[in-house]
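Okay, structure first, notes after.
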Amino acid sequence: MKNNSQLLMPREKMLKFGISALTDVELLALFLRTGTRGKDVLTLAKEMLENFGSLYGLLTSEYEQFSGVHGIGVAKFAQLKGIAELARRYYNVRMREESPLLSPEMTREFLQSQLTGEEREIFMVIFLDSQHRVITHSRLFSGTLNHVEVHPREIIREAIKINASALILAHNHPSGCAEPSKADKLITERIIKSCQFMDLRVLDHIVIGRGENVSFAERGWI
């Protein structure tokens, strides 16, 4: 009964002030629902966030790290992985249904949800029509921890196949630092030059790091 009464506090706070009023600890407690033996759910949530440093660290952790917290088992690990996947799918659906793109912020949020936590570099392309409405998005290339080989002609082939007029490029840095490398800049230039011959416009290249991202367009590089 103690766990249920502890959970009621963030729940009542949410109902009165809205979900955004909850702290990270309170929000996590809502999802966990129960604590462990001798530890109420709010205390458990606080301990978990302290152990992983942030919600990002918690939701992208592997089971070996997760199980190191005393009293935490596979059920709670599955719950939290489910939350992360729900968020990813939510942005996936939102991207399709809210075209054209509402803002650069929404684009970055979507890409962050898709590429955060990947252990290898993934190169992704969002394909848009002449009105900059999303046609589809695709993970075209997969690499290693610090490199992904990208072939501009394959990007162009896919764009022609679906009659795209514009592209947004994106890839992640598993290291966590979103600052573009020299290689990132060079491949972007190659893609832009290749696309110009086919009357395709590259709107941006966004590099995703751990809780941060860098836009080539905002830097004035495109």
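Using N, Cα and C of the backbone, Cβ positions are placed for all residues, glycine too.
Pulled from Swiss-Prot:
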type	residues	note
BINDING	His171, His173, Asp184	Zn(2+) binding site
DOMAIN	100-222	domain 'MPN'
MOTIF	171-184	motif 'JAMM motif'
(Q) Other residues near the Zn(2+) site, CB within 8 A of the CB centroid of His171, His173, Asp184? (A) Glu121, Val148, Asn172, Ala178, Pro180, Ser181, Val207, Ile208
Q) Using DSSP, how many residues in the motif 'JAMM motif' (171-184) fall into helix, strand and coil? A) 3 helix, 2 strand, 9 coil
(Q) Let's see if you can do this one: DSSP helix, strand and coil counts over the domain 'MPN' (100-222), in that order. (A) 37 helix, 34 strand, 52 coil
Q) Here are the binding-site residues: His171, His173. Which has the lowest count of other Cβ atoms within 10 Å? A) His173
**Q.** the motif 'JAMM motif' (171-184) [mean pLDDT, rounded to integer]
**A.** 95
Q. When you measure from the Cβ of Asp184 (Zn(2+) binding site), which residues in the chain that are at least 6 apart have a Cβ under 8 Å away?
A. His171, His205, Val207
